[in-house]
Amino acid sequence: MEKMPGWADAVLVPLISLLLAAILSAGVILAIGENPVTAFKLMVDGALMRSAGWGYTLYYTTNFIFTGLAVAVAFHARLFNIGGEGQAMLGGLGVALACLYIPWPHWSLALIGASLGGAVFGALWALVPAWLQAKRGSHIVITTIMFNYIAYSVLGYLLVNVLRPVGSMDPATPKFPETTHLPSFRDMFSTADTILFRGAPANVSFFLALIACVFVWLLIWRTRLGYEIRAFGHSETGANYAGISGVKITVIAMLISGALAGLMAVNTTQGEAERLILNSTEGAGFIGIAVALMGRNHPLGVFIAALLFGFLYQGGAELALWTTIPRELIVVIQALVILFTGALDNMVRMPLEKLFLALRRKEAS
Amino acid sequence: MEGQTETGRQATAAPSPEPAIELRGISKAFGPVQANKNISIRVMPGTIHGIIGENGAGKSTLMSILYGFYKADAGEIFISGRKTEIPDSLAAIRAGIGMVFQHFKLVQNFTVLENIILGAEDGALLKPSISKARKELRALANEYGLNVDPDAVVEELGVGMQQRVEILKALYRQAQILILDEPTGVLTPAEADQLFRILDRLRAEGKTIILITHKLREIMEITDTVSVMRRGEMTATVKTAETDPEHLAELMVGRKVLLQVEKAPARPGAQVLEIEGLSVTDDEGVERLKDISLSVRAGEVLGIAGVAGNGQSELLEVLGGMRAGRGKVRMNGQEIDLAIKYSDGKGRRARGIGHVPEDRQREGLIMDFTAWENMVFGYHDDAEYQSNRFLMDNAGIARIAQDKMDRFDVRPPNPRLLAKNFSGGNQQKIVVAREIERGPDLLLVGQPTRGVDIGAIEFIHKQIIGLRDAGKAVLLVSVELDEIMSLSDRIAVMFDGQIMGEGPADSANQIGLGCLMAGMGGADTQAMDGWRISEAAAPETPAQEG
Amino acid sequence: MTLMQKFLGAAAALALSAGAAVAEPALIFDLGGKFDKSFNEAAFQGAKRWADETGGSFREIELQSEAQREQALRRFAEAGSNPIIMTGFAFGNVLGEVAPDYPDTKFAIIDMVVDQPNVRSVVFNENEGSYLVGMLAAMASKTGTVGFIGGMDIPLIRKFACGYVEGVKAVNPDATVIQNMTGTTPAAWNDPVKGSELTKAQISQGADVVYAAAGGTGVGVLQTAADEGILSVGVDSNQNYMHPGKVLTSMMKRVDNAVYDAMKAGTDIETGINVMGVGNGGIDYAIDEHNESLITPEMKAKVDEAKAKIASGELTVHDYMSDNTCPVE
């Protein structure tokens, strides 16, 4: 018995959640004496009305696509991967090592090499919690959270003691060599007389993210592995009946998840900073959870949700630039959206389901 | 039990004109599904009223409305002649209604006493509540013959005892009306008898009891009146004394049903499955199967009878590759490796073992998968379902699924529906279609008709017999003795992980099998010709009273 | 698209920057945030002083993420803010790339040298100030053992430490200086608990004056020193008021002055390297009503003499960052 049509579940619920978050945010902005309409206009202008704004929005979007997909893939196996942050950090290490120590002749090869590095490092970082979950039953939520801290410390140690150039104060690697620098949107889309995406960090890895979306869609819905991942996720006992090894699925799903999170580093580390810094992930691993939740763990949904969060991030930056809304309140607004679209999902869904039931009954009678 | 509510006093007074409980025109819909349609019943105080119906007939919905879990779309409830609103279970308890669920709602690591006062504590401090409860509990126990050790921890009690705790819990809350939902599903015959004695006593003390069941025998044995539900409607309410099982079954299904399966005599062939000294220890270290030996031939059905939880599930799981075991199992003469670490479901299928598992919702199907996805569940690795090295042939699978659904009369015949949107019978048909259509040499079948409506039961039984007649071996596990007796060619009875006895189905009788199911031997079992009775079956009837 | 861009840009400029004609200065705070009780807050104080005095206004932003560094710079530059001032060495890389794109905009960066024609690089001789407070610490110490607690172990903080040791040894060549760094990552700037633990450890080794060059971590150092009855030395801002009578002095790095000067100069700001030291009031030690009683006239005389010598160039304090070594231990 379907409670409400699929389109309502996929579109209406997030839309209403978003609206609620917007109303509450407007209240917050009003309360500190700013005009919410102006603020919203600023966000839209800054994030969507200028090519440079798009360049930032899509840069953040790229991050969120990768981490969102990472959470989504794991979630199809009912594994709650909270460790996207740590996996992305380690992915950054993989990217940095690939860029720094292998002399790439051209950025395209460097992109492949760095992607491989990021994916492998991210996957390996997810492997330990996955193995502990599969073999020892250690809860993956706990272990992946812990591994975020370990990742941060490992990265800190390596950056400070091993990778940092002599005399530098930043805990960061040296700049990557010129041949590894990825073409930014500006390089790709500007013509001789129009410069587009000036200064914006969006780069070719956005397309890598799109490819990842297609890849995940194929994996989950069209392959045997995806079938087994979903079967295991829906019912462990069912998987056991069908001869699907829970250990194998847990480990493989987490490896793929970790690899996707690790790929995020291609965007931040190789694409934007062009060196590895300590705080390159900036919470994108956690945003990925909200993105996956809002995107219903479907690659298309993840893409749309990532775009929304990209807009929120870039719009938030614009707010910080042009208004006196303090940084903390901008975070509050972003958190409200996460809260409503993610955690409070059922708050919107249940009344909506009731509404649809009532409507249907009316039709029937 | 002095100073009770109005209903209490009325109930103890001899035949009262006011019904203890009366429902008028109750309707409830879930979306397009009308679960209850304009239902009215009157239950007089001091009687046992049975409600019988197929799964999905709307019995549980009706009782949930009565207990405040659902709100009726229309209709009124009268308790002792007074119109009563029951918005939640608290209100139901206040109105004097107690409910004993099929799955007990007890806190496993609390004592009996703690469970009984849970939610009915008198104040912030536990001590006074407990000593008060202890006193009342003793009074209740004396009054109704419900003896339970108040300090026993619930998880250490047997199922029958736990049920008593549930009943005591309701009585402690001054329930005048007790609703029992399929209370005997988990009990041994002896425990069920005890339960009925208790219900008898409660009735004698003036309590009103509503008994929900799908077992005709129980209805005939204990109820005063019975209501039959079909497809959300109350089709009849009759005095039990004035009806008979055949008539009730007809009311339930709406047409005459063949309760007996027609089948030709078996023509057993070669040994397909040989089990020698099979033992299984579960994750908690409890030995679930103890040195079992059995064999199944081609062209015969071996039925395993027994009360749920005596090792039948583990037997199916070991053979289906879902858990590890020790001992020897040969399939078509070749030994199967039992020391598996994880699931060997795929390996067993490759050896020609099909498996209709006991719990289709948790094992046999993925409820959130579509019907077509479920139609290849377990066989999804087969080459015929792939379009190339990487991708599955989803469209092809959907076509195959459509075909199978048509042939097995799965309704609605839409392979794109999710499994959870089918009724229990149609879900089971999907599983059976998938497993039987592969033509396995051995079919493991667990509880094939649990929660399945009678129409589908007939169909599934025919499929199983058809497979047997095609010269395949069938190992059938069921807790429904009728089903075992009508389908099997040979029967083995399990108790406590052991085979109590084994013999031809023709010479078995219900009483003898019932004794073996309770772990007892005795005269009735000796009367069954051609049966080997295990030494483990105690010759005398031990008092299983707790 | 370009037309649209121009149009929107103009609209935005009109709507947002009230006095777009008059160039407004802009101030970008680093990730630590505006109210970090230390470096960024000092910058804010300077900007506020300028605004109060001149009635002018300025734009400001607290960064949320690394990617915003470049964004903030470019957006302010495009909106016509001038000069654009940023606090912290972490802007070095980005500014080096952005500055050439906006040749008509002036930038000022604090604590870092960026070699561009339109950039003023403000650096401080923290070694000189540390030398002065080191002398005071050595004179105030009765045990002959003083402590140094740094934040994150980077060359800049070693520069503090080296100057401090030199100052201590100048007064008492036999004195012992116990040195600890809080950590190796940016978290070390904000770990008062560890600061407190390190202070206790140093006290147990005999230290009776500790100098905290550790950002937010210093709060824990000063608190513990006050609780345990020994003296402490604050850093960056004047922190004497935090525990009156318990803080010996503070090594003041006048970030506020640097910001104030830059804003006052406006678009005429002088580019190139601007060294703030004892000589031009960029670096000093603090004396106010909270620590008068702790510093005797003799002590003051001795330190002021050294201060004059440094200002005149007669005395040079070694700069650790010039050769990544320190001549004294």
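Using N, Cα and C of the backbone, Cβ positions are placed for all residues, glycine too.
Per TrEMBL, these features apply:
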- A:12-33: transmembrane segment (TRANSMEM)
- A:53-75: transmembrane segment (TRANSMEM)
- A:87-104: transmembrane segment (TRANSMEM)
- A:110-128: transmembrane segment (TRANSMEM)
- A:140-160: transmembrane segment (TRANSMEM)
- A:195-220: transmembrane segment (TRANSMEM)
- A:241-264: transmembrane segment (TRANSMEM)
- A:276-295: transmembrane segment (TRANSMEM)
- A:302-323: transmembrane segment (TRANSMEM)
- A:329-348: transmembrane segment (TRANSMEM)
I'm a bit unsure how to read this: which one of A:53-75, A:110-128, A:195-220, A:329-348 has the highest number of Cβ pairs shorter than 8 Å with the transmembrane segment (A:12-33)?
A:329-348
Of A:241-264, A:302-323, A:329-348, whichever stretch has the most CB pairs under 8 A to the transmembrane segment (A:87-104):
A:241-264
Does the transmembrane segment (A:110-128) come near the transmembrane segment (A:241-264), with 3+ Cβ pairs under 8 Å (pairs 6 or more apart)?
yes
The transmembrane segment (A:140-160) and the transmembrane segment (A:302-323) contact flag, 3+ Cβ pairs under 8 angstroms:
no
Mind checking which residues reach the transmembrane segment (A:276-295)? Cβ under 8 Å, same chain, six or more beyond either end.
14, 17, 60, 63-72, 75, 82-89, 92-93, 95-96, 148, 152, 155-156, 159, 163, 170-173, 261, 264-265, 268-269, 301-306, 308-309, 337-338, 341-342, 345
Under a Cβ pair cut-off of under 8 Å, which of the recorded stretches A:195-220, A:241-264, A:302-323 contacts the transmembrane segment (A:329-348) most often?
A:302-323
Surrounding residues of the transmembrane segment (A:53-75) on its own chain - C-beta under 8 Å, 6+ positions past either end:
45-47, 81, 84, 87-88, 184-186, 197-203, 205-206, 208-210, 212-213, 216, 219-220, 229, 233, 253-254, 256-258, 260-261, 263-264, 267-268, 271-272, 284-285, 287-289, 291-293, 295, 297-299, 302-303, 305-307, 309-311, 313-314, 317-318
Grab the same-chain neighbours of the transmembrane segment (A:302-323) for me: Cβ-Cβ under 8 Å, and only residues 6 or more beyond its ends, written as numbers and ranges.
14, 18, 34, 38-39, 42-48, 53, 56-65, 68-69, 72, 210, 213, 216, 287, 290-292, 294-295, 330-331, 333-334, 337, 341
